[in-house]
Amino acid sequence: MSTAPLLEVTDLVVEVDNGKRILPVLDGVTFSVDAGRTLGLVGESGCGKSMTALAIMGLLPQGFRVKSGDIKLDGKSLLSMGPDALRKLRGSVMSMVFQEPMTSLNPVFTVGDQIGEALRLHEHLNAADARTRAIEMLRAVQIPAPEERVDNYPHQLSGGMRQRVMIAMALACRPRLLICDEPTTALDVTVQAQIFSLLETLQKEMGTSIILITHDLGAVAEMADDVAVLYAGKRAEAGPVATILDNPSHPYTRGLMSCTPRLRLGSAALTPGHTLAEVRGMVPPLGQFEAGCRFSPRCPMADAHCHAAPPPDVHLGASQTVLCWKVTQEQAA
Amino acid sequence: MTNLKQPLVFLAQSVGLALAVVVLNFLLIQLAPGDPVSVIVGEMGGASEEVIAQMRAAYGLDKSVLEQLLIYVSKVAVGDLGYSYYHNSPVLQLIMQRLPATVLLALSALTLAVVLGTLVGVLSARKPHGLLSSFVTVVSLIGYAAPVFWTGLMLLLLFSAIWPIFPTSGMVQMRAPKGFMYYVDVAHHLVLPAVTLASIYIASYSRLSRTSMIDVLSQDYIRTARAKGLPEGKVVYKHGLRNGLIPVVTMVGLQFGQLFAGATLVETVFNWPGLGRLAFESILRRDYPTILGILLMTSILVMVANALTDLAYRLVDPRIRSKRA
Amino acid sequence: MSVVSMDKSPSVAEPAVVLASKPQNPQVEALLLFLRNGTAALGLSMMAIIVVMCLIGPGLYGIDPYAIVNVPFAPPGTPGALFGTDFLGRDILAGVLIGGRPTLIVGCVAAAMTIGIGVLIGCMAGYFGGWIDRALMKFTEFFQVLPALLLAMVIVSIFEASLLTITLAIGIVGWPQAARLTRAEFLRIRDLEYVRATRTAGARDFYLIFNTILPGALPPIIVASALTTGGSILFESGLSFLGLGDPNMMSWGVMIGQNRNYLLEAWWTVSIPGIAIFLTVLAISLIGDGINDALNPRMRKR
C-alpha cells in the first residue's frame, strides 16, 4: 500500500445556512480510500454520512457549503476544480448509488435510456452503441432478460431490480470511485445480500473503490476493508475493519456493534464488561451539539472532563484513530 | 385485445356524451319561446291559419315530443343541424365557415399561453425566491383578476390607438392581399386577439408549471441526473421538464371548454369572424338553430380536444400508458 | 434503539427546535394565521372598502347613475363629474358605485350555488363510489364538455335576462370543478382511520358524510370557493358586457359593453368600470391566497 490513496478527505468542514444562522454539519472529517478497496462510512441518521458523500460528488444541496478542508481524487483537489470540470468527473470517474431505488430513477424514461445517458455523455457513444452497452450492464448486474428489460420503465421493476439498475447506471462508465449511500436500506433482507455480493463481484472485475455508507456494522464487516465511524459531524473512530471490530475503542462504536445482532456475540466475548444493550438517546439536531465531546450526553462512561472540552484524535497502534477522552486518559496512564 | 377494446369503449362513451348534448339541445329548443314556424311566419309578415298548419306538419311539429326528438336526433346524426332563417343557410355550412377562424385563434392563444407560461414558470422555479418568481406571482394574480374582454379593450386602446401598430378589428384588411401577404395580414390581425385570450391562461400556466417544477426539481431522480454528470440545462429541461409537464397537460385538457368561452368574448371585442361571434350575434337575433348548432359543435370539439389531451398524457407519462392500456 | 432508522439527510427547512406548542383549536389557529397574513389582510381591506362603497356610495354621492347630467364624453376631472361621463352624458362615478351591486350579488349567490351543487354531487360520488360514482361523474363530464359561457348565454336568452336567471345560469354551468374537487377529497378521506372508526361505531351514511368526512374535506373547498366567487363575478361581467345582463340594471359589465364603441374617443368610459371589476376579483383572490396559506401552513415556504 505504498501508492497514494485514490480519495483523500482531509479536515472537511461543511456548514449550512438555514436563513437564520449558520450551523455546522461536518466538522473536521478525515479519511481516505485506496484503489480497489472498500471503506465503510458508519453512523446513525443525521451524523453527516450522506452529506460527506454529496460533498465529495459536489452535489451539496442549496444552503450547504464546504467551509474548509480538502477532498482529493487521484491527487487532484475536487474543491478547487471549476463546476464544469467537476461535472465531467461525475458519472465517469466517480459515481453514486442512492438510498431510495423507488424514487431515484426518472419515471418517464426507460432504464436503457437512463443507463445509456451517462455513456452518451462521457464516452460519446451513439444511441445504438449506448443501448448495447446498457444491455451489457443490465446483464452484469444480473437482471434476467436484459434485452427486454432495457425498454422497461422504472415502475415496471421491483425495488431490488431498480437498485440493480441504479448500480448499472453508476458503473456504466467504469468509475474509479463508487459511493453507495445505504444501497440496501429500502430493500428486503434477502435482496440486500444479493446486492452486496453483486457489488463485490463488480468491484473485483473493475477495480473500483467503494465507499459504503450504512448504519449496519454487519454490512461493513462483510463488505468493507476499512471503516470510519461518524457521530454528529465528527469522525469518532477509524481504521481497518478487522482492527475496529476486534477492538472497538470509542463507546459509540461499541454501542453500534451491540446493536448489530450478527456481531454481538463476537464483540461481547472480546470486550466483556463493556457491552451495551443499546445506545440511549438520539443524535442531537444540528446546532445543538455539546461544547465538550459531542457524544458525552449519551455516553455511559462520560465524566465532567468529557462534558467540558472536545477530545483530540488519538492514534491506537498503526492504523486506528479514536476521538475519546477515555482513550486519551488510558494512553496517558 | 385490450388494445382494441379500449378505443372502442372510449368511442362508445363519446358517442353517448354527444347524444346527451343533442338531447339537451332538443330540450332547449322546446323551452325556447316560439317554434320555427312562428319565427318564419313572423319574418314573412304573417300567414293564414291553413298555411301555418301545413308548415307545422312539414316541420313535424304536429307529432309527439318523443317522435320529434327521434327525428331531431336522426337529422343531427347525418349532419343536418337545421336551417338558419336569418342567414338563409344551413347551420352546418355557417358553422363550417366560421370554425377555422376560431380554431386559429384558440390554438394560437393556447400555444402562446402554454409555451410562454411554462417557460416563465420553469425559469422562476429554478430560483423560487428570486425576482422572477415574485413577478410571476404578481402577474398571475393580475391575469386572473382582469376580465378578458376588458384586457382586450385596453390592448386595443394601447396598441391600436395610442401606439397604432396593430389593426383594430377583423381578420384581414378591407382589400385582402393575395398569396403570402394574405397570411402575413392574418397574422398581423391575430396578434392582439391571441395575446388577449392567452393573457388569462399565461398566468395559470406559469403558476402551475412553477409549482410543479419546484416539486419535480426536489425529487431524487434529479439528484441522480446530476450525479450522472449531466449539465444543469439537461437536468432541468430533460429530466425535470418531462415530469413537470404532466400537470400542465392535464390542465390543457380541462381548459378547452373555457377556451371557447374566452374566445366568444375576445371575438366580440375584436370583431374576429369566428364561431364565438356568430354565437353572440345569433343570441341577439334569437336564431336558435344556429346557437344550438354551435353548442353541439363546440361540445364535440371539446370532446375531440380531450381525447387528444388524453393521448398526449399517455405520451408524457409512461405510468398511465401501461396502467390503462 | 435509534440505530435502525432510515437515514435522511437533515433538511434545511425544518426548524432545529420542535416547538412544543399546545394543540390549540385548529380552526382558531387557522383564523389567527389568516388574519396575520399580509396578503389576506390586504385582500380583506380592499374587499371591505369595495362592499362599503357599493352599499352607501350611491347614497352619499347622490347623483342618479341613469340620469343625463352633463355633456357626453366629459373627460375625468370635469367639475361635477369626477370620473367623466359616458356616451349619453351619464356620470361614470355614479355608475361605478351602483354598478357593483348586481355584480357582487350575482357573483356571491352564484358561487354559493356552484359550490353547493358541486359539493353535494362530489360527496355522493366520493362517498358511495361504485355505479353512483360512475353515473355522477359521467354527468359531471357532460357538463364539462358543454361550453359554459355559451350554455349560460342560451339559458339567459331563453328565460329573459334577470338577476335570478343569470345567477341560475352561472350556478348550473359552474359546478363541475367543485364536484371533482370534493370527490377527490372524499376518496382520500373515506378510508382514513377515524372515518373507519366512526363507521365501525355504527354511524349512518348521512352522519358520516356531513359530520365526519366533509369537515376534513373543507379546507380545499373553502379555497376553491374564493376562486369560484371571483370566477362568477368575471362570468357575470362577461354576460353583462355581451348585453345579456339584466337590462334594467347598471352594472360594471354593462357599462363597458355600452361604451366599448367609444373606447377610442373616451377611454375612461371603459377603463374605469374595468378597473372596478379587476380590483374586486383581485381582492377576492388575495383573500383566497390568504386562506390557502392559513390552512396549509407548510406550503407557505414555497
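Glycine too: its Cβ is placed from the backbone N, Cα and C atoms.
Residues or ranges marked as transmembrane segment by TrEMBL: B:7-29 (among others). Within the same chain, residues 68-69, 72-73, 76, 288, 292, 295-296, 299-300, 303, 307 sit at least 6 positions outside the transmembrane segment (B:7-29) and bring their C-beta atoms closer than 8 Å to a C-beta of that stretch.
The domain 'ABC transmembrane type-1' annotation in TrEMBL covers B:99-309.
The transmembrane segment annotation in TrEMBL covers B:99-123 (among others).
Per TrEMBL, transmembrane segment is recorded for B:135-166 (among others).
As annotated by TrEMBL, transmembrane segment applies to B:186-203 (among others). Within the chain carrying the transmembrane segment (B:186-203), a Cβ under 8 angstroms from the stretch's Cβ atoms is held by residues 104-106, 108-110, 112-114, 116-117, 120, 139-144, 146, 148, 151-152, 155-156, 159-160, 166-167, 170-172, 255, 259, 262-263, 266-267, 269-270, 272, all 6 or more beyond its ends.
Per TrEMBL, transmembrane segment is recorded for B:244-270 (among others). Cβ atoms under 8 Å from those of the transmembrane segment (B:244-270) belong to residues 101-102, 105-106, 109-110, 114, 118, 122, 125, 148-149, 152-153, 156, 168-170, 192-193, 196-197, 200-201, 204-205, 208-209, 212-213, 215-216, 276-277, 279-280, 298, 301-302, 305-306, 309-310, 312-313, 316-317 of the same chain, restricted to positions at least 6 beyond its ends.
Sequence annotations record features per position, and here TrEMBL assigns transmembrane segment to B:290-313 (among others).
If one looks beyond the transmembrane segment (B:290-313) by at least 6 residues along the same chain, the residues whose Cβ comes under 8 Å of a Cβ in the stretch are 10, 14, 17-18, 21-22, 25, 28-29, 76, 81-82, 84, 86-87, 91-92, 94-95, 99, 246, 249-250, 252-253, 256-257, 260, 275, 278-279, 282-283, 320. Listed by sequence, the residues of this chain that lie at least six past the ends of the transmembrane segment (B:99-123) yet keep a Cβ under 8 A from its Cβ atoms are 132, 136, 171, 186, 190, 193-198, 200-210, 212-213, 236-237, 240-241, 244-245, 248, 252, 255, 259-260, 262-263, 266-267, 272-276, 297.
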